[in-house]
Amino acid sequence: MKTNDVIMQFTAKIVFFIIFFYAVHIFFAGHYTPGGGFVGGLVTASAIVLLIIAFDLKTVQSILPINYIYLVACGLIISLGTAAFSMFVDKPFFTHFFDYFNLPILGKTSLHTAALFDLGVYLVVVGVTMTIIQTIGEDE
Amino acid sequence: MNNFLLLPIIIPFFFGMLLMFGQKKIAYQRITTLLGLVISILCAFGLVANVYENGPQIVTLGNWPAPFGITMVSDMVSALLVLTTLILTFFIVWYGFESIKKEREQFFYYPAVMFIIVGVNGAFTTGDIFNLFVFFEVLLMASYLLIVLGGEKAQLRESIKYILVNVISSAFFVITVAFLYSVVGTLNMADISQKITEINQPGILTVIAILFLLVFGMKAAIFPLYFWLPGAYSAPPVPVLALFGALLTKVGVYAITRTYTLFFTQEVAFTHELLLILSILTIVAGCIGALAHFDVKQIIIYNIVIAVGVILFGVAQMNEAGLEGAMFYLIHDMVIKAALFMLIGIVIYVTGTTNLRKMGGLMKTYPALGWFYLIAALGLAGVPPLSGFIGKLLIVQGGFEAGNIWTSVFILASSIVVLLSVMRIFIYAFWGEQGQLATNVEKKKYNRLFFPTMLLVVVSIFYGIGTEWLTPFIKQAANVLMDPSIYIDAVMKGGE
Amino acid sequence: MEIVMAFVCGFLFMAAIYLILSKSLLRIIIGTGLLSHGAHLLILTMGSFKGSAPPVLSDGVTDYVDPLPQALILTAIVISFGVTAFFLVLAYRAYQEIKTDDMTLMKGSEDNE
């Protein structure tokens, strides 16, 4: 049975971006308030899942031609790299660094290497979640 | 502060990530894996030398001072176990080139192996009880993948049970940590040890001790909790089986050893007595299983259970000789179990069956295999001067010193059963009339399987003969276990 | 509060055990999920409910809750999320291969391969 889900598809295209930017917001909010890479990653994954529901797996794969396994690997490398960086400057593993910078538009901003680590976590979570959903969804 | 001790954990992790790229290129996968392992082994050698000279090495992650942040501690116990793990994995991966199927190699076999080492080495090294849980989960996740890889019916069926058992035991781990945290208010293992001596609240602590025994016993396969092991371990292919048999149960044994020597030294009369009884029952159960089966895999699998019992018997004595013997035997057993599984794998390959009754007469066709199997079997049973001898001797000596005369005699008697169980394989498979032979045996593949196996058996021979040179290292390890203050001092001062 | 939480944890464990002991694989997986929820709640309870402010560093706040149990729970949740997801995929694959989700039909022996 073929259903006509034009409304669903049209809405999904817009809502996808809303959810995605909300995920980005959560990701950066996680620095001092609840949020962070894990939740952000899950929200992003749910946005992609929405697209999959509205369209189908093949279409979404052509829209987002990402190999999610590589995404996981990249995330892990970023996380490990951030953590291991401190080893090269003779500090214990996982030591983070932070400072305040005056950026052009944002003004005084605190930049923290923990955010990079969180970026890795974000990528891993998106990658793992999507891999699992793809694995189940692939063979109908 | 010394980041060096983290290298045997970080390097496999890094190479594991590299291996997630380029799944289809088998040559790349194999070379990268071996390269990563070789570098890690060199680092582990350096680590052992470093610990031997300078005592336990500490690093506090994130530069948080000792009782608050996560501490990684590498004392002699963990350094030796890390080294053994890496060497074994090297040989098993090498062996696996020929016997792991191509589909598995292309589907995350090598990354999973790397991550399992990350978990195992991390569990050996960590000085934080919750971090131990995290590393347990890392190695379990990797093991879930390895056990199901290939997707045969038996694998799927057994892995469901394996995962279920481990999920439940992980939940128990979390619960136990919660209880422990509510009592001592800290997670740092050295700090817990200190606080436990201060608060003097043996009732609830004994409960926690038993819960820990339950959690780790599930992983180490001690007496009532070993039920999942024979089924789960018989499902995956031989290299994975060797990896599991050599490493996974030993992590549980290590965790029991660590907690029972560092934390629960108050109510020894109850906790260690229980451990002793359970270890004896474990040996009995293992012996029955090993003698009852005619499946070569199952016989060796049940021998894992026996070995766990023997090691924990040594730990339960809580004296110098017992712990030293336990350390000797632990490392011996990791090496010899890996070697035996690899040998069994070759036997299965050349005969095409796991049923002993169908085998026979391999001595004529594969004499070298027969002799090396004999050496490994004698080593397992502890015939001097092979590797199992000194460990068992010290364990029994510890038993006599602690006044457990009959149970120690029982341990000695169990060696005969062990010998009998592995000699049965020798007699059935290598002697007598020519039994079943697989038709498609390639000489080249056989040689490639045999070479790493032979080298590993040689390693185990050297482990037996070289006892003299190894003793100082093992003595230091036993010292740390015997005297928690060495460990505690190192952690509390190492933070600066 | 601790008493209430003890009952909640106990109820979760009870439900989890009931589900784990059932035949259907899917129920078992839900049961393991509940089991880990109970364990997480237990950590929270064991960390005690002292303090009211969130454990975020700001001036003048001394009455903050113990941050460690929360960190532990977060870690444990992430892990149980991963394990449950893996378990679900595995159950699905097993269902395809073995054509059943009934645990009594998954007994392991050579003759029902």
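Each Cβ is built from the backbone N, Cα and C atoms, and glycine gets one as well.
Remember, predicted model here, so these are calculated numbers, not experimental data.
According to TrEMBL:
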| type | residues | note |
| --- | --- | --- |
| DOMAIN | B:128-414 | domain 'NADH:quinone oxidoreductase/Mrp antiporter transmembrane' |
| TRANSMEM | B:6-22 | transmembrane segment |
| TRANSMEM | B:34-52 | transmembrane segment |
| TRANSMEM | B:72-95 | transmembrane segment |
| TRANSMEM | B:107-124 | transmembrane segment |
| TRANSMEM | B:130-150 | transmembrane segment |
| TRANSMEM | B:162-184 | transmembrane segment |
| TRANSMEM | B:204-228 | transmembrane segment |
| TRANSMEM | B:240-257 | transmembrane segment |
| TRANSMEM | B:269-292 | transmembrane segment |
| TRANSMEM | B:328-350 | transmembrane segment |
| TRANSMEM | B:405-428 | transmembrane segment |
| TRANSMEM | B:449-466 | transmembrane segment |
Would you confirm whether the transmembrane segment (B:130-150) and the transmembrane segment (B:240-257) meet the contact rule of 3 or more C-beta pairs below 8 angstroms, pairs 6 or more apart in sequence? yes
Distant-in-sequence neighbours of the transmembrane segment (B:34-52), which means Cβ under 8 A and at least six residues beyond its ends: 2, 4-5, 7-8, 11-12, 14-16, 18, 74-76, 79-80, 82-83, 86-87, 89-90, 93-94, 114, 117, 472-473, 476
Long-range environment of the transmembrane segment (B:449-466) - Cβ separation under 8 angstroms, sequence gap at least 6: 87-88, 91, 94-95, 98-99, 331-332, 335-336, 338-339, 342-343, 345-346, 349, 368-369, 372, 375-376, 379, 384-390
Applying the under-8 angstroms CB criterion, which one of B:204-228, B:240-257, B:269-292 scores highest with the transmembrane segment (B:328-350)? B:240-257
Same-chain residues at least 6 beyond the ends of the transmembrane segment (B:6-22) with CB under 8 Å of its CB atoms are 28-29, 32-33, 35-37, 39-40, 43-44, 47, 59, 72, 82-83, 86, 108, 110-111, 114-115, 117-118, 121-122, 125
Checking distant contacts: for the transmembrane segment (B:162-184), what same-chain residues at least six beyond its ends satisfy Cβ-Cβ under 8 A? 129-130, 133, 136-137, 140, 143-144, 147, 191-192, 195-196, 199, 201, 204-205, 207-208, 211-212, 214-215, 218-219, 228, 232
Between the transmembrane segment (B:269-292) and the transmembrane segment (B:72-95), are there at least three Cβ pairs closer than 8 Å, leaving out pairs fewer than 6 positions apart? no
In the same chain, who gets a Cβ under 8 Å from the transmembrane segment (B:72-95) while lying at least 6 residues past its ends? 5-6, 8, 33-34, 37-38, 40-41, 44-45, 47-48, 51-52, 55-61, 110, 113, 117, 120-121, 124-127, 189-190, 239, 242-243, 246-247, 250, 254, 257-258, 327, 330-331, 334-335, 338, 342, 345, 449, 452-453, 455-456, 459, 473-474, 476-477, 479-481, 486-487, 490-491, 494
Cβ contacts under 8 Å made by the transmembrane segment (B:240-257) with residues that lie 6+ beyond its boundaries: 77-78, 81, 85, 88-89, 92, 95-96, 100, 113, 116, 119-120, 123-124, 132, 136, 139, 143, 146-147, 149, 212-213, 216-222, 229, 233-234, 275, 297, 300-301, 304, 308, 311-312, 315, 326, 330, 333-335, 337-338, 341-342, 345, 481
